[in-house]
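Right, one structure below, let's go through it.
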Amino acid sequence: MSKDFNVPPVIFPTGGNPNTAPQRRLPTAPFQPPRSSNPSIPFMSFDIGSSPASTSFSTPQFTNISGTGSTNFDDEPPLLEELGINTKQIWHKTLSILNPFRVKPDLHEQADLSGPFLFLMAFGLFQLLAGKLHFGIILGWVTVASLFLYVVFNMLAGRNGNLDLYRCLSLIGYCMLPIVMLSAFALFVPQGGIVVFVLMGVFVMWSTRVCTGLLVELASYGDEHRGLVAYACFLIYMLFSLLVVF
């Protein structure tokens, strides 16, 4: 038994003639952007054929600012000098602190914080070796001590005082060198003995004498208030020495 299937008729677009080939659509021209009005810039026209093909890349030419024709790094300043750290000046200032009987204020006319920062870090390191973590306390106390000495000295000198806070911080930091030495010696001395208290008195008087001499010589109108300035310096370095002893 056969089944009938309904087959839809085939419709040709050419009018019903299956032998006629389909019409082919002609290609359209690609998009051509407008040419640049400036003929000196050929790549702005997006026309590949307008500019000659380059088979090799040109070597970049670097010009030397100095005009010598070669790059020379020997004339570059050292990194520490660019950062404002003068190692020779720090060394000479350190040597001047080691002699409490001959103060050299001319070396400390130019204030800096590089040397004081090294001394404070060394002080904190010796305290850490002794089992005391005092880095934050040391930096905070130095800042407060500088403000205290700055206010006291300028109140004593009145309008004629010319001690700035930056120089005051530099002097207090450099004069911390005897206290740093005290913290180093305290590592080898029994705590609570008479020896450590004798060392504390010697190094505190050492720091007080040097700091007082530098303040009086560098700041004007300080000689007449030498005793009060020395008392303020004594309180500051006595406070730091208590960190070493106790």
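Keep in mind that glycine also has a Cβ here, set from the backbone N, Cα and C atoms.
Given the ranges 1-37, 75-111, the record in TrEMBL names 1-37 as region 'Disordered'.
Taken together, the residues of the domain 'Yip1' (119-244) have an average pLDDT of 92. Long-range contacts of the transmembrane segment (194-216) within the same chain: residues 97, 100, 103, 105, 108, 149, 153, 163, 168, 171-172, 175-179, 181-182, 185-186, 222-223, 226, 229-230, 233-234, 236-238, 241, 244-245, each at least 6 residues beyond the stretch ends and with a Cβ under 8 Å from a Cβ of the stretch. Per DSSP, the domain 'Yip1' (119-244) is made up of 106 helix, 0 strand, 20 coil.
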